[in-house]
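Take a look at the structure set out below.
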Amino acid sequence: MTTIKLHNTRTRGKEVLNPINPDDVRLYLCGPTVYDRAHLGNARPVVVFDVLYRLLRHVYGTDHVTYARNFTDVDDKINATALARKEAGAPGTLEELVQERTEETISWYLADMAELGALEPDHMPRATAYIPQMIAMIEELIAKGHAYADGAGHVLFSVKSYKDYGALSGRSVDDMIAGARVEVADNKRDPMDFVLWKPSTDELPGWDSPWGRGRPGWHIECSAMSHELFGDSFDIHGGGNDLMFPHHENEIAQSCCAHPEGDFAKIWLHNEMLQVEGKKMSKSLGNFFTVRDLLDQGYPGEVIRLVFLQTHYRKPMDWTDKKAKEAEATLRRWRALTTGINPAPTASVAVIDALSDDLNTAGALAELHKLASAETAADLLTSARLLGLLTDKMGTWSQGENHDLSHHEKSLFDARQVAIETKDFAEVDRLKTALIAAGVEVRMSKTGVELVPGPSFDASKLDAI
Ligand SMILES: [Zn+2]
């Protein structure tokens, strides 16, 4: 069987993956807080874990891998969006508006990630469906002396009660206090203590608990949901680097203190952040965009996916327009080469080896480039599909390639010949505008007209011309 090695943040080295149960390899990824569209950076862990999920399914069998990614559907940011809607005159109670917002955001998220070729996880638990499990875990933590209620509706985790706190990110508690903006509050026994439960007002979402009507803190969600789905120990836990502290440190503290008989997650995988044209993505720099923004601008999901895979997940990734153009050209070439070809029975060993070496997607793509010749097109197709590329579903954007535009080329050419005589270019302009609106690039020269379908080509818009 293929040996998979992964870089474990906790041990700071590459480790062989030895699943607890090879018949059920379990991985958990921290999912989004559903208050708005996913930005490009949010999509990186999704694509990274999708490749890992595909690799594990390839090695252990499709039915022997379980992937869970949660939705955080209770959060102050969601409440704030709902409140803004209510103040703008939207009908319904605040609680109904919260639910409307989360439902809408979840459907956007699933649609956007599907465009990037990400398979849906086996479990997509929503925090609000696991409140009893969270309350039970908090009670357990209090009983074991790791958490305390402040008498005013809050429950806090006592960081000092867990000696290994900080082991994942390799920082001491003192360093963390110095480096993070730790909220000092009267109800905390120690500044590092974090919230497990907090009170809710009557209008905001809330649940009855031994500490009054309230709602959970963010960190307890993942501990409670992963425990419910996977038990005391599972194989791989992932997320972006930005989640390592405090979110993942807190998850470990909660889970290991509530269930000391287990290991919680054995391997921790963290992806580096994403930049745009060499700069950190930010609203103030004007380079902030969502996955949907890019799709709407005509970048196909498959192109975005290929750009992502060019950089190893542990390195910062730079999204550039140049890379997207090159990726599009590569995919057009590969798709042309594999049209009408039957896929090879198995993916190339070199591609599998690259992926098994800590998800070396850049190395795997280098192997695909080697396979991109007429003789090995069948291998290219199967191996690319292991990476979620060159699938039929992902290829609709390139279908304009084969669309016959000669009739429109002739119409435009003839209209121009007439216009040269009459000096009336209205018809030429009308045709050009309509073709561009259909996503066609119009190239006119003295000798003829060439029409090239672009990434946003939509053949149905040609009917109206
Ligand atoms: Zn989490």
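Positions of Cβ are set from backbone N, Cα and C atoms, glycine also.
In the three-state DSSP reading, His247 (Zn(2+) binding site) counts as helix. As annotated by TrEMBL, Zn(2+) binding site applies to Cys30, Cys222, His247, Glu251.
As a whole-number mean, the pLDDT of the motif ''HIGH' region' (32-42) in this prediction is 93. Positions annotated as motif ''HIGH' region' by TrEMBL: 32-42.
The motif ''KMSKS' region' feature in TrEMBL is assigned to 280-284. The DSSP breakdown of the motif ''KMSKS' region' (280-284) into helical (H, G, I), extended (E, B) and coil residues amounts to 0 helix, 1 strand, 4 coil.
Around the Cβ of Lys283 (ATP binding site), 9 further Cβ atoms fall within 10 Å across all displayed protein chains. Summarising the annotation, TrEMBL assigns ATP binding site to Lys283.
Here TrEMBL flags 350-398 as domain 'Cysteinyl-tRNA synthetase class Ia DALR'.
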When you measure from each Cβ to the nearest atom of ligand 1, which of the binding-site residues Cys30, Cys222, Lys283 fall under 6 angstroms?
Cys30, Cys222
For Cys222 (Zn(2+) binding site), which DSSP three-state class applies?
helix
Given Cys30 (Zn(2+) binding site) and Lys283 (ATP binding site), what distance in Å do their CA atoms have, once rounded to a whole number?
24
Close in space but at least six residues away in sequence, with Cβ under 8 Å from that of His247 (Zn(2+) binding site), the same-chain residues are Cys30, Trp218, His219, Cys222, Gly239
Within a 10 Å radius of its Cβ, which of these binding-site residues (Cys30, Cys222) has the fewest neighbouring Cβ atoms?
Cys30
Could you measure between Glu251 (Zn(2+) binding site) and Lys283 (ATP binding site) for me? Cα positions, answer in whole angstrom.
30
Neighbours of Cys30, Cys222, His247, Glu251 excl. site residues, C-beta within 8 Å of centre, Zn(2+)
Trp218, His219, Glu221, Ser223, His237, Gly239, Leu243, His248, Asn250
What count of other C-beta atoms do you get within 10 angstroms of the C-beta of Glu251 (Zn(2+) binding site), across all chains shown?
27
